[in-house]
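Reviewing the structure listed below.
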Amino acid sequence: MAGRPRPQPHSPSSSTRRRERWLVVLGVALHAVYMLSIFDIYFKSPIVHGMDPVPPRLSAAPAKRLVLLVADGLRADKFFEPDERGRYRAPFLRGVIEEKGRWGVSHARPPTESRPGHVSLIAGFYEDPSAVTKGWKANPVEFDSVFNQSRHTISYGSPDIVPIFCSRVPHSTWDTYPHEYEDFATDASFLDHWSFDQFQGLLNRSFHDVKLRQLLLQDKLVIFLHLLGCDTNGHAHRPYSSIYLNNVKVVDQIAESMYNLMENYFKDNQTAYVFTADHGMSDKGSHGDGHPSNTDTPLVVWGAGIRSPKFLAYTEKPDDGFRFVDDHKHDAPTPQDWALEGFERVDVNQADIAPLMATLVGLPCPVNSVGSLPTQYLKLSKADEVEAVLANTKQILNQFLRKSHKQITQQLTLLILNMPSLSISELKQSSSLYFKPFKPLANYSSVLSQIEDLISERDYETAMKHSEELRKMALAGLHYFQTYDWFMLMTTITLGYIGWMVNLILHVLQSYTSFPAILLKKAQLYPKNTSMKVYIGGCFFMCLSSIILLLEKSPVLYHAYVFMTIFLWTRIVHNFEFLKAVWREFSNMPFKYALNLLISSAIAVLVLEFLVMSFFDRKIYTWCFLVLGILGSTYVAFFIEASPALAIYIWLACWFLSVFTLMPAEIPENNNLVILSGALIILIAVASRWANSNCTSFWLYLTRANKRDSQSSKLYFAQVILVAISSIMVWLSTSHRSQNRELHSLHQLINWSVAGAAMVLPLFSPPSVMSRLTSIFLGFAPPFLLLSIGYEAVFYSAFSMVLIGWIFVESANLYCSEESGSARRRSLVDGSVFAYEERHLQLSDLRIPLLFVILFNVAFFGTGNFASIASFEISSVYRFITVFSPFLMAGLLIFKLFIPFMLVICTFSAITKIVRIPRLGCYFLVILLSDVMTIHFFFLVRNTGSWMEIGNSISHFGIVSAQVVFVLLLFALTNIYTRDIVVSSRQLTARKVM
């Protein structure tokens, strides 16, 4: 009441503070542990070890040696189609297709990069997803390949590819050119000639080196030439350029020269040739994704063991339902301009080439291969063809068996092939408490026996059919065991996140709402005799789950996931009585309150889903702020009934900010915009200064009634001058650097001094809301301007205008609600006012953390993509440093990106003080909302697609997961500026303490 003394600020109890510290620690630990879960779920290596190779039981190897030519970055269409004069760019290989061998399109699977493509070609499996965290220039995991199985391998080419497969193979001869040769400013076709010249030199040396000649004359020899020219020229000049198209002719000439060289040297017609590419090239000169220009590569095979061309009587074939790994249709129509409709086309998955090459020289398929042998290329007898397919099937089946009982020794793996009576389930159960077998392969041993019997009876057609069906089932079984733990892990992690969110809701309800006070009057919520029983029960379940996981020989992190989830749900069960009481109160509410709760929750979830979508398309924020401008100005004009000028301001500020998410993420340099932004910042500061002198209506919440002192005026003018100096220094520093190609030492000193001094001055500004926030706005402006190169400097002003508008709307809303007496109403949903400055949280207060999450994400994506390296423009730091210093440069770039976040949190802190709600309670609500997005991103993590798609899915999940720490650290940092902010004393006297 009016006569009562001024209430003291609310001070939470020591038990509440202790509980909150533990809750924050728990949240940090939970998000750190659960963030690692994606690597156990999505990025678990498919490679297993311990299998023995399965050599094909052929009467004789089709070829003594194999030549593999890989034209890196060669598109299928540019290889097969004619040029503008109607001539084909690869006349020799086209002649091979028409006269000597077979052809098709090899379909790569994203990521269509050089390492995954070559791993698929040479080792027969698609990129180990765990390699995404380990780099690709060396083997993150050892795997088998055709080179490992060969008697000797000779390889020449790129230093990024050849060492991956040859550096640890003792029976190999290889060499690479220096990295400096890969010059994007030149025609890179000379790199292809280098590889061929090295091999030609090797053959020439063999005439004088007896040991080398003996090595070359042995069987099971593999020769690999990596031809990088098309890839380098495609990146530098695009695949439609004359340089790239001429490089297609170069690789054809090298294929012809290689053929002539080998045939003239060996003269035995025992060489098989495979010509293909690891990936294609997009029209923009890039690759990585699943576009057909990147996944479709040529495949031409000829020589020993290869069938002659097959001529077709018709060109149309019915679709047999087969799909390639990139979902291309089987035998898709051949483009007419290729003029190859009369020659049978045999398309393959890229991994199918490894077993093809292995079979040609009589080698076992690589033990990690998942490729299916394309028999249409091979010229074998029916018996040898079946034996080759059966060896391929057994090799894939061995992987399945190893995965199904991966804890069993290699001897048991081999034993199972000879013991039909011993089932997979029995072996797995020896190291697993519970095992769910892959049922389609439960009788695999009897199928193998049946195939062997059919081969003995020379029923090759039926044996082939059964072998192919068994291989198909084995591939399905591999996928089954690769994702065997997914359901358990994803269920555990999801329950953990839900348990964490329920714990957050419980803490907010117990510490920051009126529920405890109301409920304690009606019932005893925490019976002391059951509390210990709950925790004992939780410990029992932890011990039980630990025993099960130990019996399963599960990784240590599996224990952490389960323990964390059980602990969270134990805490929920501990608060079960409170939850029941809350439910009873909600059940007794009037219908309109329950409806408000449902509508508010639905709106919050809808907004959060839009924010999830914004991670993939920044333009969503444009529509968001266009709509928000209309809704906000309408709400201010008709519901708050504030000044029409405020409604117009909200509308213009939101629409102004909506422009920036239409801008390119790669910020173009435009110093004029940066300088113009300096003038705009000063203009906004002048307008804020004028508003600060307004002592009527809701402005009283943002200003102090006391007279302005001269010190604050001097500080304001000093900050304006620093903004002006920084704008001038942007022009001077850039002009001098462009002329002299270096940063003037005096300019560097001034820039560092202006930026440093500007950020200190807000600490000395008056503590009223508008004075302090205006000072913070001016304080961070100079460093942001000096770190800006283009439109992001104007974004700083537009973003600040929206933040100021948020404060205006909250103040106007509070003023009008107090004038109408709504702040004095007491109800379960609307809450009640504490007998001190802070009040209980209300349902309507959810708008504040929700708007915070929106604006916080705008700070991420307003001028680019915080999750993308493309947003880090190194030229942003050139006004502070030009000598390469990675840590200092990275620190400056990150600091620049943090400035908009700090503005949001300073505004958020001020608003919590204006409306008298606990900031820490709102922080927990922010984390609650962020974790709704975290769960969504958890299911959006990808382990297929381009490296960019995979990396972005990880970074999106990581960003929202890290907000529990990120936001807390920024709260602590900005607290330096906001902790002493005070609001007008009029607000306290206007309230009646209840």
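If you go along the chain as it appears here, the first residue is 1 and each next one adds 1.
Every residue gets a Cβ built from N, Cα and C, even glycine.
According to TrEMBL:
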TRANSMEM  21-43  transmembrane segment
DOMAIN    477-946  domain 'GPI ethanolamine phosphate transferase 1 C-terminal'
TRANSMEM  530-550  transmembrane segment
TRANSMEM  556-573  transmembrane segment
TRANSMEM  620-640  transmembrane segment
TRANSMEM  647-667  transmembrane segment
TRANSMEM  673-692  transmembrane segment
TRANSMEM  713-733  transmembrane segment
TRANSMEM  745-764  transmembrane segment
TRANSMEM  795-816  transmembrane segment
TRANSMEM  848-867  transmembrane segment
TRANSMEM  887-908  transmembrane segment
TRANSMEM  920-941  transmembrane segment
Could you tell me what the rest of the chain brings near the transmembrane segment (647-667), counting residues at least six beyond its ends with Cβ under 8 Å?
618-626, 628-630, 632-634, 636-637, 789-792, 794-795, 798-799, 801-802, 804-805, 808-809, 858, 861-865, 868, 870-871, 873
Hey, which bits of the same chain come close to the transmembrane segment (620-640), Cβ under 8 Å, at least six residues off its ends?
610, 613-614, 646-648, 650-655, 657-659, 661-662, 802, 805, 809, 812-813, 816, 854, 857-858, 861-862
When you scan the chain for residues with a C-beta under 8 Å from the transmembrane segment (713-733), skipping those not six or more beyond its ends, what do you find?
671, 674-675, 677-679, 681-682, 685, 689, 743-744, 747-748, 750-751, 754-755, 757-758, 761-762, 764-765, 774-775, 778-779, 781-783, 785-786, 788, 878-879
Could you check if the transmembrane segment (21-43) is in contact with the transmembrane segment (745-764), meaning 3+ Cβ pairs under 8 Å among residue pairs at least 6 apart in sequence?
no
